[in-house]
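Undergrad: Taken from TrEMBL, the feature domain '3-hydroxyacyl-CoA dehydrogenase NAD binding' covers 5-183. According to TrEMBL, the NAD(+) binding site annotation covers G10, A11, G12, Q13, M14, G15, D33, E92, K97, S119, N143, K274. Per TrEMBL, the feature site 'Important for catalytic activity' maps to H140. Taken from TrEMBL, the feature domain '3-hydroxyacyl-CoA dehydrogenase C-terminal' covers 186-282.
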Amino acid sequence: MTIQQVFVIGAGQMGGGIAQVCAQAGYQVTLHDLNEESYERGFQVITKNLTRNVEKGRMTEEEKQAVLGRFTKSLDLQNAKNADIVIEAAVENMEVKTSIFAELDKITPAHTILASNTSSLPITEIGAATKRPEKVIGMHFMNPVPVMQLVEIIRGLATDDEVYEAVEEMTKKLKKTPVEVNDYPGFVANRILMPMINEAIFTLYEGVATKEAIDDVMKMGMNHPMGPLQLADFIGLDTCLYIMETLYEGFGDSKYRPCPLLRKYVKAGWHGKKTGRGFYTY
Ligand code: NAI
């Protein structure tokens, strides 16, 4: 299984970062989003990241131009027809993901690996929306993608060993470290991280301390580089809520109930850094 052509779905914070590291590793990348505006927003972030790399002496102007030259824009899912691997990073919503995967199953050749960057949704269920569940796998990058070392690789119930190995090898080519996990809600990263963030939101909701105090306790007391409320803003409060709902539904345990304050912020459209307002304003 040789991977050359990568098709990334979603030019948001994750999809843009994934497309960037793939192009930097020498892959031909088609970046796909629903409309011109979303695509351009994502592509501008990538260009800005690369320019910063040149300014800091981490790459030359020629290397930057070569990376940008490996990009193709897509606003039509049919463009996935030449992909060796598709990495989906659209919104964290099962209906959206299963409809994308069912479409991809029809569009892409039989050898194409279909990967999802989902933070918590079951890979097995996403795979069941296709006729090739053995080629469906989770490739969970961390935010911000160009900086973070880890990729959780999630085996669905039917994922082939050969597919797992191809994705593991690709992850290493991206200069990241793959960690193998099985398909249970939240996998490992978010099963542990998200209840902590949710508890921090409850702590704020119950008036135990201010948002700054909660973040300070975790930064200075636990040596976390960022407090949980600030981290939630960076992840996106909509994504945090989707993940908590997935844990709650998947385990049926009340310890995973999302904090009402999180729900309220999401309903208000306060989705964190990406919308300019979450627990903090940006
Ligand atoms: P985002 O909101 O920044 O970006 C999502 C992008 O997908 C947007 O540009 C949107 O226009 C596009 N999109 C939505 N529906 C689409 C469709 N049907 N077809 C094509 N494009 C579509 O979201 P973000 O943060 O990049 O999250 C994307 C995925 O990555 C989610 O599944 C999320 O759970 C996962 N993830 C997020 C992390 C984070 O820290 N934000 C970390 C790891 C995974």
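The first residue you see is number 1, and the count goes up from there.
For all residues, glycine too, the Cβ spot is worked out from N, Cα and C.
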Undergrad: Rounded to a whole number, how many Å is the Cα of K97 (NAD(+) binding site) away from the Cα of H140 (site 'Important for catalytic activity')?
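TA: Cα-Cα, rounded: 14 Å.
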Undergrad: Where among the binding-site residues G10, G12 do you find the Cβ with the fewest other Cβ atoms within 10 Å?
TA: G12
Undergrad: Drop a 10 Å sphere on every Cβ of the recorded positions H140, N143 and tell me which sphere holds the fewest other Cβ atoms.
TA: N143
Undergrad: Using the structure shown, find which entry in M14, D33, K97 (the binding-site residues) has the sparsest Cβ neighbourhood within 10 Å.
TA: K97
Undergrad: Run through the domain '3-hydroxyacyl-CoA dehydrogenase C-terminal' (186-282) and tell me, per DSSP, how many residues are helix, strand and coil.
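TA: Counts, helix then strand then coil: 66 helix, 3 strand, 28 coil.
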Undergrad: Given the binding-site residues G12, M14, D33, which one's Cα is the least distant from that of H140 (site 'Important for catalytic activity')?
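TA: When the Cα distances are compared, M14 comes out closest.
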Undergrad: Taking the residues G10, A11, G12, Q13, M14, G15, D33, E92, K97, S119, N143, K274 listed for NAD(+), what is the greatest CA to CA distance in Å, to the nearest whole number?
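TA: Across G10, A11, G12, Q13, M14, G15, D33, E92, K97, S119, N143, K274, the two farthest Cα atoms sit 21 Å apart.
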